[in-house]
Amino acid sequence: MSNARKLQTEIDRVMKKVDEGELLFDEIWEKVYSAEQQNQKEKYEMDLKKEIKKLQRLRDQIKTWIGSAEVKDKGDLVEARKRIEQKMEQFKICEKETKTKTYSKEGLAREERLDPAEEAKLNTTGWLGEYIERLRQMVEEHDFELEKLVSGKGKKTNKAKIEELQNHVLNHKNHISKLEGVIRLVNNDRLDIDTVDAFQEDLDYYMDSYADEDYMSAYDMDFFYEPLGLDDLDVVNVDRLAQAAVKKDKDDTETLSSKGSSKDKKGKSKAVASVIPLTIGRARVSKADKKNAEKEAAKEEEKATPTKPTPSQPVPNGVPATVVRSPPAPATAAPGASMAAILKRESEQEKERQQKILREQQARQAEQARQQQEEQLRQQEALRLQQIQQQQQQQAQQEALKRQQQEAQMRQQQEAQQAAKLQAQQAAEQKAQTLQNSQMQLPPNNSMELLSGGLSGMNLGGPERADAPLGGSVSQSSGAADLGSSFLSTLNESFLTSPGNAENERSRQYTPQNPYPTPASYPTTPAAIFENPAVFEKLGIDCLFFIFYYAQGTYQQYLAARELKKQSWRFHKKYMTWFQRHEEPKITTDEYEQGTYVYFDYETGWCTRIKTDFRFEYSYLEDSLQ
C-alpha cells in the first residue's frame, strides 16, 4: 500500500511539472513569434529548446508508467504524453523556421508559399496529418492491449474482445492509407480543398464513435470516402511512376528510330499502363482526357516521324504515307503520351521532394554535429572544473593537516609545561611535608624551644630582659605550651573529619518541568524502566520523536536520539529536523550530498514528508550524541 501511495505521489508531481512546462512553453512560444530582432528570436528559441528537452524527459518517464502494470488508471498519462508530443511538433516547426535563412532556397520558397491557395493547401494537409498521427497512436494502443490479452491466461474468454480490437486496428490502418492518398492528391491539385475540409466532420464523428456497435454495423469504407470521388481520380505511387516514365521515354526513342510496327507500339503502351498501381479506389480515365491525349499524341507523332520525299512521287504537306495508312497507331499511342506527361510532372515533383528531404537530413546532421561539439565542450569544462575543485580540496586538506600538526605541537608544549609545573609543585609539597614531619618528630622541649624562639621577637606584655646574652633561649612558660598542644590537636581532628570523594557529587533530585497537583498515591518521579535502552528499541517512530522534542535535556531524550540514529535518521542542526535518505544520493562530495530525503515535520503536520533535490551539507550534520 505504501509503494502505491509513493508511486501516485510521484505521478502527481510529474503531472504538475508537465502542466507548468506547457504553460512556460506557450509563453516562450509567443515571445519567439513576437520578437522583432533576430538575436532576441534566437535567444527565445534556445529557451524553447531547453523547455522541450525537459518535457521530453517527463514524456519518457510517462511512457515507462504507461507500460507498467502497477499503474491502473492510465488515461491522464496518455493524454499528457499526447500534449507533450504536440509541443514537440510545434518546436520542430519553430526550429525549422528559425534556421531557414532569408535569401536561401528554402527561405525564398517559403515566401512563395505564402500564397493564400498554397497556405490553404498546407492547412488542409496539416490537419490530415494530425488525424493520421492520432490514428497511428490509436493503433499502437490497440496493439498493446492485444498483446496483453493474447499473452494472458484467459485467451479463450477474451476472444470477442480480441476480434473487436483486431477490427479496430484494421479499420484504422485502412483510414491511414486512404488519408495518405488524399494528402497526395491535394498536393498534386487533384482534389478540391473545400471538399476535403467539409470531410473533416465525418472524420471527427468516426474518431468519437468507432467503438460504438450501432455505428460500426452501418459503417462502410467505400461509402465513407464517396464524397471525395476517389474512384474517379488517379492515385498513383510516385516512385514507380518515375521508373515507368524513364521506361516510356526509352521505348518511344527506340520506336521512332526503328520505325516499328503499330502492334509493337500498342504492346509497349499496354506494358506502361500495367506498371501503374492503384492505391485508392479504381483509376479511370475520362473520355475527354482520352480525346485530348489522342490529339496531342497525333501531333507529336507527325512532328517526330521523318519524311523522305522522292523525285518521282512528292508527298504533300510533308506527311509520310505510312502515318496516313495506319490510323490505329496514334490512337494507341495517345494514352501513353498523356501518361508520359503526367509521369514526367510526377517525377519532377518527386525529385523536388527528395531534394527537400535530403536538405532536411543534412541540416539535421549538422545540428547533431553541433550539439555533439557543444556536449564535448561542456564535458571538458566540467572535467576542468572538477580538477580545479580537487586541487582546491587537496590544498585545503594540506592546510588543515598543517594546522592540526601545529596545534598538536602547541598542545604538547603546553602539556610539557604543565607537567613541569606540576612536578615542581609536587616537589615543593613533598619538601614541605618532609619538613612538617621532621618538626612533628622533635621532642616537646625542642618544639617548645622553637615556639619560644619564634615568639621571642613579639611583645607579649612581659618585661624585656636586656641583660640576656646573644643566642640564649627564652624560658618555657605554661601559656606557650598550651598553645602548641591545642594547635596540634585541632589539626589532627580536621584531618579525621575531611570530606570524601562521594560527598563531592551533588545529589540528583527530580524536578518536573510542568508541575501539576496530583494525589499522594500518584508517583512523583518517572519509572526507572524508562532509563533502560532496551525499552526504546521497541518504541515506534512517532513515540521516539515525541520523546526527543518534548523531553529535552533528559536521559530519555538521549536514548530516543540514539535509537533514531540506529534507524538511519540524521539530525540537521540548521533546521533542527531529522532527515532520512529516501533513495541513494544523486550527487555525493566531501562537503555535501544531494538527492531525495524523508524528513519529520514536527511543527505543522507531525508527519513525514518527502523533499526532492535537497542538499544536505555535512557541516550541519549532528554526528555525536551527548
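Just so it is clear, glycine is given a Cβ too, placed from its N, Cα and C backbone atoms.
Predicted automatically and left uncurated, TrEMBL annotations should be read as such.
Taking TrEMBL as the reference, the stretch among 65-119, 120-174, 285-339 described by the feature region 'Disordered' is residues 285-339. Given the ranges 349-377, 494-522, the record in TrEMBL names 494-522 as region 'Disordered'. In the predicted structure, the domain 'CCR4-Not complex component Not N-terminal' (3-230) carries a mean pLDDT of 83.
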